[in-house]
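Novice: Got a structure for you, written out below as structure tokens; questions coming shortly.
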Amino acid sequence: MLCQTTKRLYKTCLVDGGRTCHRVDPRSALSQTFSAVRSDVTAGDLHDGPFSLIVHGRRETFLLVQFVDSGQVVEPDLLRAGAMQMQTPIHSYLFNSSGLLLLANTTATSSLKARGMTDLANMQLADLLIEEGRRQPDAAEQALHSILVDKQPAYRITLRNRGRSILFEMWWAEDLVLLEPAVLVNSFDITSQKEVEQQLEDAKRQLLIQNEHLELRNVQLEEVHEATCQEKARLLEEQQGLQDRLKKALELHLHPKTSVDTATVADKIISMFDDMLQGKVIEMADVLELRNAANGAKDLRQPVNFQEQLMHRSGLSQDVGASMIELLQGDSHSSARRWASSMSSKRTVERLRPRRSTMDAVPSLHRNDISIAPTPRITSDEPEDAIVQVDRPLVPELEQLLQAASDTSSFQFDMFQLCKASINKPLSALGFFVLSGSGLLQMFNIPEQKLLNLLSRIEEGYPDNPYHNRVHAASVFHMMHLLIHNGLIQQGVLDGITMIGCYLAALCHDYDHSGFNNDYLIKTRNPLAITYNDISPNENHHVAGAYTMLMSSPDYYFSKDMAVEDRNILRAAMIELVLATDMKKHFSVLSQFQMIKPTGPASSQPDGHGHISASLGDLAAQQKMLIAQVALKCADLGHLASQHELHRRWVDALTEEFFRQGDQERAKGMHVSPLMDRNETAGLIKSQVGFFEIVALPLFKQYVELLPMAQPVLDAVKANYQYWHHVHHLHDGCSKDV
């Protein structure tokens with residue numbers, strides 16, 4: 001009847017000594033299952049539909065068979081709780097009220113079988129409670145009574161067996177199958193637990209000991225680390241000291257420090273203020289010394305006791321020291337007195353000569369009034385204005401040279417080659433090529449033809465002096481072009497109109513130069529010295545003469561149609577730039593330049609030489625102009641950064657120009673200026689070394705510190721200085737041998 005009614009039966013739980021049998025199809029196990037059932041199951045207990053057969057009892061002899069509707073869903077939490085109970089490592093047992101074992105979890109079953117207790121179906125609670133190998137029925141009875149009768153919430157008993165103490169904990173429970181009271185028992189091996197605890201305690205103690213050792217070792221390592229750091233710091237300091245000594249030794253070899261202190265009074269005052277702001281102690285003696293220097297200084301922007309230093313403490317010869325004084329300071333009054341003294345021996349002769357008018361006695365500036373042999377010019381059959389027309393095509397050689405000259409990535413160029421290729425017009429050729437391609441003409445609506453006319457006229461205004469000629473002007477323009485595109489633009493120093501001013505200032509900075517320095521013009525009462533009150537007569541004339549020529553004809557006056565503000569800025573820039581090239585203002589300009597500090601953020605992109613340049617764009621306009629002035633000063637001395645052969649050629653040209661001035665001074669009965677006597681050439685090498693050390697190297701170094709993209713220029717200057725320094729030592733050695 002069961003087989004006919006049941007469509008599908010599942011044997012879900014068959015307990016056999018704590019083991020759960022797997023699910024089987026009841027149709028294959030139905031005969032053996034019902035042959036063992038001894039409960040009175042009737043057909044009425046069966047329900048139509050799917051059933052599950054749950055069998056509880058002993059192996060092969062079942063105590064109970066219960067049919068449950070398999071359509072009912074068992075709570076998942078109950079299944080999980082049963083799985084947890086069966087798999088826990090704690091020994092757990094369930095006994096009925098008579099003390100008969102109903103269920104033991106997997107851990108407990110394995111332990112019992114390991115001790116030889118195989119008949120788990122008939123196991124009593126007394127069989128579990130063993131003390132020294134003997135069953136304890138009384139203890140079992142007492143436990144059952146306490147839990148089931150006395151209703152104690154828990155009962156504990158500790159028994160010792162085989163040298164181990166076992167703790168039994170018991171609670172009241174319910175047999176959910178028979179719905180009868182039961183006792184849940186958990187057993188704990190206290191000895192093992194104590195052993196584990198002792199092991200843990202020993203391990204903990206060992207860890208503490210190890211930790212103490214580690215802490216001690218850590219302290220030792222920290223001491224070693226600190227000592228190592230101190231030793232490292234000492235070695236680094238020693239290394240730095242050795243590097244400094246090596247650097248100083250190299251500097252002394254390549255750039256021996258002179259005993260000349262070129263710091264101005266203003267520099268020293270500002271330096272003292274900086275020390276005070278940094279909290280440094282200022283000695284009263286230093287304050288008094290600086291106070292006395294300031295009181296005795298005619299110009300706070302000039303070095304203290306510069307003349308005395310050069311003449312007595314610099315190690316320079318008298319003539320070299322005197323030439324440096326005349327170049328960089330030049331007291332016009334004392335110079336005049338020296339000139340008057342040099343003329344006193346000729347007064348008797350002068351009285352016997354026919355007297356001339358006062359104006360006739362003033363030496364003229366113009367070239368045709370001074371006996372100077374012109375330097376050889378590059379001759380050609382072409383007329384003077386051969387390249388004046390804008391649309392005239394360039395010959396390939398000239399175009400290649402102009403391309404090379406305008407390349408801002410290279411600081412080396414032979415301007416003499418361009419002079420030859422351009423038929424003695426290097427200034428107008430290079431000037432027009434650069435400016436017409438700069439975009440500035442379009443920006444300010446400058447007509448190309450007017451610009452070319454102006455450039456040609458400026459070039460014609462350069463005499464054929466050995467040094468201050470059109471080739472020199474083109475070289476200065478070229479170097480200024482390189483400096484503009486290697487720092488001045490990138491760091492925000494120049495705007496468009498100021499850039500035009502820089503280019504034009506370079507073009508006309510020596511316009512109509514007579515070949516004589518300012519001291520000569522002042523001593524001879526030249527009209528330019530009279531006109532400009534002995535203040536930078538050459539430089540004032542260069543910019544004034546160029547501007548006069550610019551405005552003299554509509555063919556040249558390219559800036560006439562500019563906005564008034566732009567015209568004013570352009571003129572002011574040209575004046576300030578050209579006047580700053582007077583070497584008498586060198587220390588004043590350089591002293592102010594040293595005070596400039598970048599205010600803008602550094603560029604995130606390195607320049608072509610690996611430098612990260614700080615922006616100068618937020619500086620005041622006057623500070624930007626000061627930077628441009630120093631740039632033009634560097635460009636004016638640009639031949640110091642030329643390749644050695646070209647540099648030496650320029651030095652020879654300048655020396656010849658000096659000698660020609662000396663010839664004129666001798667012819668006029670004047671005292672020949674230092675290093676301008678062609679009969680005394682021994683001081684030439686020393687003068688070059690002194691000029692590099694006192695003027696050139698400090699100038700270029702300070703410029704590169706602020707505008708590091710110009711580093712190749714400084715490197716080239718150092719290379720030429722090294723050459724002169726080497727020659728100087730060779731010359732001294734030969735002199736000593738003689």
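Just so you know, the numbers here start at 1 and follow the chain as drawn.
Backbone N, Cα and C atoms are what each Cβ position is placed from, and that goes for glycine too.
Please treat TrEMBL annotations as automatic predictions, because they have not gone through curation.
The active site, proton donor annotation in TrEMBL covers His468. Per TrEMBL, the feature AMP binding site maps to His468, Asn469, Arg470, Val471, His472, Asp510, Asp636, Gln688. Taken from TrEMBL, the feature Zn(2+) 1 binding site covers His472, His509, Asp510, Asp636. Annotated Zn(2+) 2 binding site per TrEMBL: Asp510, in sequence order. Taken from TrEMBL, the feature coiled coil covers 193-252. Taken from TrEMBL, the feature domain 'PDEase' applies to 390-731. TrEMBL lists 336-355 with the feature region 'Disordered'.
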Novice: How many whole Å apart are the CA atoms of Asp636 (AMP binding site) and His509 (Zn(2+) 1 binding site)?
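Specialist: A Cα-Cα distance of 9 Å.
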Novice: Measuring Cα to Cα, how far is Arg470 (AMP binding site) from His509 (Zn(2+) 1 binding site) in Å?
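Specialist: Computed Cα spacing between Arg470 (AMP binding site) and His509 (Zn(2+) 1 binding site) is 11 Å.
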Novice: Sorry to bug you, but what's the C-alpha spacing from Gln688 (AMP binding site) to His468 (active site, proton donor), rounded to the closest Å?
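Specialist: Distance between the two Cα atoms comes out at 18 Å.
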Novice: Can you list the residues of the same chain, besides His472, His509, Asp510, Asp636, whose Cβ falls within 8 Å of the Zn(2+) 1 site's Cβ centroid?
Specialist: His468, Ala473, Val476, Ala506, His513, Thr581
Novice: Would you mind reading off the Cα separation of Gln688 (AMP binding site) from His509 (Zn(2+) 1 binding site), to the nearest angstrom?
Specialist: 23
Novice: So of Asp510, Asp636, which of the binding-site residues has the fewest other Cβ atoms within 10 Å around its own Cβ?
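Specialist: Minimum Cβ neighbour count within 10 Å, taken over the binding-site residues Asp510, Asp636, occurs at Asp636.
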Novice: Whole-number answer please: how many Å between the C-alpha atoms of Val471 (AMP binding site) and His509 (Zn(2+) 1 binding site)?
Specialist: 13
Novice: Would you mind listing, in sequence order, the residues at least six apart from His509 (Zn(2+) 1 binding site) in the same chain with a Cβ closer than 8 Å to its Cβ?
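Specialist: Long-range Cβ contacts: Ala473, Val476, Glu539, His542, Val543, Leu577, Val578, Thr581, Leu632, Asp636.
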Novice: For the AMP site as recorded (His468, Asn469, Arg470, Val471, His472, Asp510, Asp636, Gln688), determine the largest distance between any two Cα atoms, in Å, rounded to the nearest integer.
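Specialist: This binding site's residues have a maximal Cα-Cα distance of 23 Å.
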Novice: Which residue, out of the recorded positions His468, Asn469, Arg470, Val471, His472, shows the minimum number of other Cβ atoms inside 10 Å of its Cβ in this structure?
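Specialist: Comparing Cβ neighbours within 10 Å for the recorded positions His468, Asn469, Arg470, Val471, His472, Val471 has the fewest.
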Novice: Over the coiled coil (193-252), what is the model's average pLDDT?
Specialist: 84
